[in-house]
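Comments concern the structure below.
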Amino acid sequence: MARRRIRSRIRKSHFYTFRCLRPKTLDDQGPHVINGPGYTRIVHCNQPHLHLATKLIRYRSNYVSTTRYNLLTFLPKCLYEQFHRVANFYFLVAAILSVFPLSPFNKWSMIAPLVFVVGLSMGKEALEDWRRFMQDVEVNSRKASVHKGSGDFGRRTWKRIRVGDIVRVEKDEFFPADLLLLSSSYEDGICYVETMNLDGETNLKVKRCLDATLALEKDESFQNFSGTIKCEDPNPNLYTFVGNLECDGQVYPLDPNQILLRDSKLRNTAYVYGVVVFTGHDTKVMQNSTKSPSKRSRIEKRMDYIIYTLFALLLTVSFISSLGFAVMTKLLMAEWWYLRPDKPESLTNPTNPLYAWVVHLITALLLYGYLIPISLYVSIEVVKVLQAHFINQDLQLYDSESGTPAQARTSNLNEELGQVDTILSDKTGTLTCNQMDFLKCSIAGTSYGVRASEVELAAAKQMAMDLEEKGEEVANLSMNKGRTQRYAKLASKTSSDFELETVVTASDEKDQKQNTGVKGFSFEDNRLMNENWLNEPNSDDILMFFRILAVCHTAIPEVDEDTGMCTYEAESPDEVAFLVASREFGFEFTKRTQSSVFIAERFSSSGQPVDREYKILNLLDFTSKRKRMSAIVRDEEGQILLLCKGADSIIFERLSKSGKEYLGATSKHLNVYGEAGLRTLALGYRKLDETEYAAWNSEFHKAKTSVGADRDEMLEKVSDMMEKELILVGATAVEDKLQKGVPQCIDNLAQAGLKIWVLTGDKMETAINIGYACSLLRQGMKQISISLTNVEESSQNSEAAAKESILMQITNASQMIKIEKDPHAAFALIIDGKTLTYALKDDVKYQFLALAVDCASVICCRVSPKQKALVTRLAKEGTGKTTLAIGDGANDVGMIQEADIGVGISGVEGMQAVMASDFSIAQFRFLERLLVVHGHWCYKRIAQMICYFFYKNITFGLTLFYFECFTGFSGQSIYNDSYLLLFNVVLTSLPVISLGVFEQDVPSDVCLQFPALYQQGPKNLFFDWYRILGWMGNGVYASIVIFTLNLGIFHVQSFRSDGQTADMNAMGTAMFTCIIWAVNVQIALTMSHFTWIQHVMIWGSIGAWYVFLALYGMLPVKLSGNIFHMLVEILAPAPIFWLTSLLVIAATTLPYLFHISYQRSVNPLDHHIIQEIKHFRIDVEDERMWKREKSKAREKTKIGFTARVDAKIRQLRGRLQRKHSVLSVMSGTSSNDTPSSNSQ
């Protein structure tokens, strides 16, 4: 009987739950009212047919669709999307008007290009939606075990599952809907759930059923089971659930601990039973499946303005043309009697010029419509898809360890990669690996652990390498006999004044890595290993330290059947590192039951492990507010212990007077660990007597079982009563390793002119240490720390006082930056989440942004996911420049979606960030190549491609206008309709696509060697209005040259030996030939990099024109019309036709050649110089010259290893100068004293 009561009491405890990952269960507004607004859902358990019988409570099916279209909506919705674009809509109107007599063209010459372009885009949409449909079919066809009645379960597809069904889910299966947990294979009704698909977290969550349904542990138990759930309506909040279960005449409150969400997976549990509460699109995961925000690049936005400019040009020339036609009709039409202007229905009736003007305006708008590039949008889409393919296939962006390539999840933002100004980065899992290694510890005032952290090794090694590159500058320093086993260390008495940071050699680093044989454990100190700790003077404290590590946690052990080793599933990587460390120290956590944990302790006299049981009485969960976790346990001797671990500031303030014996030494050790970039926690304990614990546990039980909005507050108060009078044992130091190549990547990005901000949830000390390791911070950099430490939260007007304090600190910091006279001075801004709350207020945020922009580094600590998104929005909207956010966890989704470009890292925290991102990479270091290489290329390609599009269409379209003016604004086209059909779609589209896909101003290795080239993108050198208008002007010039030369050569004179003169068709064909040559030769001159593909597309397009002209002219007259045998019999035999083409090519390209030659000679751009250096490098023997030119092509930066080394060299030079000055004074003094002594 006593055992049953104990078991019942333990079942009512929620010590298995990880509340640190959830907000409050209930709303802060107060108790919820079931059956009130928002809480009207009624679920009949095991009776799904009742929902079908009652129309008022009919719920959605479990069928899920993520497609944008279906068979009925595809055509109207997709057509709307296509004609939402201004250019496409214009050509739609033009195609409709082309069927009327007003059109100067054959209707098919207008309809066919439009159908081709729109059809291609719609085909792309259909393909993408088909892929989504097939994914939906796969998900909806999954099967689950569903109760059929009479205690029998059968397999049923997910789409046929209904609200109220009882479902049995097996281990490693996904939950098919949102379920209420009824029972599980564990006797206490718990189960372990992986929610990676929901929140991106890979750590297991623990769910627990109600005691009332605990007995439903077999299939037969559900034969007569029934109940009613009354709960909240469907909503997207993953972490709240309010409702109750009516069963057997009793009402039981429900909370999120009983809810199993769709798309989460059952882990470490044989099976569970649950009742379906929400199905299909009512489930929380589907309620959260909002579309990612639509993002458009800056180039695309500017392109819209250029299209509007071309429309203005179109309207202008159309207005001029129609006005000219009206004037000609009024003044001269009477003389042109053969046009029969006397007919009442005639458009050329001189008595009605206004009518003639209006009608001709429509004709002119159709005639000059080729000023608008109809194939621009589809060509850009094709180019961007191909660019994204090359990004995906780049082996330099492939992570061989994880087998993960880079992925361009959207192709709309390729060119935006080349215009980034500010990078906002998460820390854990992004800059660091999120792989925790136990490295050092402090126990009883003694520090243990002799191994250096990887961040120290990486920073020191990189500095030594940079110092070697600057050998000429360092050679002037007083160094000892050269390099010893270290890369660079100034030894001896002379060099002691100029001490550099110690740098470990590659061999030392290799040895250190070889010594690391256990994942999560990089500790090395023989004083604690192999039971040597028993010989330490404070062995009792060391024993308690190890036991706290092994017992105070919420982890789950899993035994590897092959190796017999225990692995651990824990709520954080830190806890895994603690358990691995305790195992290596001889205290292995082997088993957890509903009420106990078992530790195999290996320090007995026999040398064999002894299993000890610790009964868990209570667990006080870790939360971000509490910053600590405690376990109340009873050991085998019957002693009740409170074991506590948490942030040092929290633990230290809860120590008893007698528990502060090691406080001073431990604090010093924590500071040292923090400076080494390590994550720290303090450990303490307290012994409890039975009476004290019984009284407290009664209060704790009341708080645990309470139902109301203040439940969490009650738990916090009760917990706070117990977690005091602690005895300090020591502290841990865990290393969150830097990802491979992070320091070098940050250095190169800084030299490319990019600003880097770090937004992290870690404490300030840890973030600062990682900043030093990455060289975002360095010695000598002036840190501006904005905080609210001096503001009293209890004041009546605390918010106003906080904002006033922040504004004062920002103003003082801004003044300090302005009056700083040292040009090399660098400032770093550091702010925590609490202060950031006020700094992001509307009346403060722009002053805060101005200060942040003036600083070389910005580090925001202890920030929430919402604050990350708000900071990103402020940087994006406040500066007006392109921002990139990069992260790896679910808490980074907000800032990834808010930034202009979101980059997700496919790391250990799940795929939530990747799914929300625009680009995904496996490691932070790949960001350098993604931006500096692919970003630079894509920006320049797209910019040149768009400018060329406008050039070729202006060149072509204006020749029609000139011919109109020449022919009295007749509305007649000089070109055959088939020419118009081919111009944009065939004859000029492939070369421009090759430009957008293959163009390289410099190779990839040179992009990385000369990072300052990247600044051409943020400065928008290739798509500013100066360059755009220059290309347009070039198009106007080319059109004038082509028309005037052809008119002068072919008009009213023979062009063949037989005296034949050129008619309009011959002149039009010759002019069109010149256009094809001119625009294709122009694109060839624009390219800096040729492959055989580009040659084929450019010269093949020109050849295709002649082939078409020859073949089309051979068709019967009914088909070929007025170009019958145009090439073979009329133009080809005439030498003047070929000479005209050569003359036009020379005349149209000479200005461009003159411009580019002048620019390269007088005012070259960076890539021009680098191209020449690269070209002539084979004749350069002096490698130092190459390095010197590389250094010139780097942006001046105040962060990164380069800036760090520069600062160190300036520091050393200053010291040397001061020392030389002292020596000079001393030598001068001694020389003055010598004559006087001689005279005496």
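In case you wondered, yes, glycine gets a Cβ from its N, Cα and C as well.
With respect to the membrane, D1005 and K1174 are annotated on the same face, judging by the topological domain names in Swiss-Prot.
Per Swiss-Prot, the residue from the list K24, K148, K625, K1196 bearing the note ubiquitin cross-link is K625. Looking at 924-943, 944-963, the range tied to transmembrane segment in Swiss-Prot is 944-963.
The stretch with the most CB contacts under 8 Å to the transmembrane segment (1028-1050), chosen from 102-124, 361-378, 978-997, 1131-1155, is 1131-1155. DSSP labels the residues of the topological domain 'Extracellular' (964-977) in these numbers: 4 helix, 0 strand, 10 coil.
DSSP assigns D892 (Mg(2+) binding site) to a helix in the three-state reduction. Across the range of the topological domain 'Extracellular' (98-101), the DSSP-based residue counts are 0 helix, 0 strand, 4 coil. In terms of DSSP secondary structure, the topological domain 'Cytoplasmic' (1087-1092) contains 1 helix, 0 strand, 5 coil. Remark: K625 (ubiquitin cross-link) has E716 as non-local neighbours, by Cβ distance under 8 Å and separation of at least 6 in sequence. If you average pLDDT over the topological domain 'Cytoplasmic' (125-306) in this model, you get 86.
Every protein chain considered, the tally of other Cβ atoms within 10 Å of the Cβ of D888 (Mg(2+) binding site) stands at 30. Spacing of D888 (Mg(2+) binding site) relative to D426 (active site, 4-aspartylphosphate intermediate) is 8 Å (Cα to Cα, whole number). Counting residues per DSSP class in helix, strand and coil order gives 16 helix, 0 strand, 14 coil for the topological domain 'Cytoplasmic' (998-1027). Each residue in the topological domain 'Extracellular' (1114-1130) gets a DSSP state, and the totals come to 12 helix, 0 strand, 5 coil.
Of all the recorded positions listed here (D426, D892), the one with the fewest other CB atoms within 10 A of its own CB is D426. Same-chain neighbours of the transmembrane segment (102-124): 78-79, 82-83, 88, 91-92, 94-95, 359, 362-363, 366-367, 369, 374-375, 377-378, 381-382, 385, 971-973, 977-978, 980-981, 984-985, counting only residues six or more beyond its ends whose CB sits under 8 Å from a CB of the stretch.
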